[in-house]
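According to TrEMBL, the site 'Required for activity' annotation covers 158, 165. The N-linked glycosylation site annotation in TrEMBL covers 158.
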Ligand SMILES: O=c1ccn([C@@H]2O[C@H](COP(=O)(O)OP(=O)(O)O[C@H]3O[C@@H](CO)[C@H](O)[C@H]3O)[C@@H](O)[C@H]2O)c(=O)[nH]1
Ligand SMILES: [Mn+2]
């Protein structure tokens with residue numbers, strides 16, 4: 001049986017790393033009491049709360065946290081017609097928080113994710129580990145069998161080319177979950193009582209050319225390096241699928257990171273995921289995605305970006321054209337999604353004008 005940590009008595013982290021260079025983005029439909037447990041680790045940071053659902057509802061935020069909150073009225077006011085690319089009634093709305101942030105780094109977490117305990121019983125400061133992951137290089141071109149070579153007490157193993165040991169900049173840090181694992185609905189239905197109790201003490205770079213299923217509930221990234229590609233695809237109200245928003249972003253991000261020579265890491269840190277969402281509701285959201293992805297994955301595996309695509313925006317627009325051409329025949333949804341990808345970039349560039357070089 002795995003339990004969340006007890007953080008009562010842990011002193012506030014006054015030496016919080018990247019305190020003024022990182023925003024924490026939380027999508028929510030409920031009061032944010034869960035922050036109480038995270039207070040020692042997260043209170044020094046600025047929060048961007050993206051309130052989904054009914055904008056007239058008041059979201060209670062615990063005392064002492066510095067935050068800005070955006071509801072659907074705010075999103076519509078700020079983006080105007082471009083707000084159509086931001087999902088409604090789905091956690092995908094969180095990507096609006098990435099767009100309005102002005103910081104270099106983002107950490108995004110769900111409101112049913114709590115502080116995990118490591119095998120020694122120590123409370124895991126997930127944000128601290130994500131920051132370590134992002135500030136350390138990645139090694140996507142050659143797999144290091146001792147996992148993260150930049151970690152204290154590890155290194156590159158014999159046979160690892162010295163020409164590759166400098167590594168590349170890390171764009172994404174993908175964390176994991178104890179207790180309720182991020183399973184799809186069919187797996188949840190078959191294994192309703194399965195809990196993840198396995199704490200694997202490893203961080204590894206996902207090799208170039210390999211896609212991965214990016215989960216949005218415990219995720220950090222370098223907004224300057226990959227922010228414009230972190231569009232959580234159109235889901236929720238009025239859309240034929242749900243719970244593929246983070247997956248869509250992860251596939252686009254990985255293709256672009258591979259093209260631009262950026263790294264993506266997965267592994268530590270763990271959070272404690274407390275709530276299993278309803279598998280039947282999830283099945284309704286996921287079922288089209290489950291068979292569409294058998295075509296979507298080969299599409300991303302074979303996606304080739306041109307050498308002229310040297311910025312994330314250019315890569316993303318190229319990808320959107322490929323989506324429109326190659327995935328729209330599957331379903332008109334992909335035509336709409338391709339358009340939403342372009343709208344997202346237009347909105348991103350409007351809110352984040354390129355600074356004069
Ligand atoms: O309509 C909604 C529903 C929820 N939210 C907020 O989004 C996150 C995740 O919600 P929840 O924990 O209920 O969902 P899960 O099934 O556990 O996780 C899914 O969310 C994604 C991962 O983040 C992924 O699609 C699934 O793993 C909470 O903060 C809710 O408050 C929302 O904004 N709108
Ligand atoms: Mn959850």
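Here the Cβ of each residue, glycine as well, is placed from N, Cα and C on the backbone.
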Cα-to-Cα gap, residue 158 (site 'Required for activity') vs residue 165 (site 'Required for activity'), nearest whole Å: 12
Number of Cβ atoms other than its own within 10 Å, given for residue 158 (site 'Required for activity'): 5
List of residues, in chain order, with Cβ under 8 A from that of residue 165 (site 'Required for activity') and at least 6 apart: 139, 149, 156
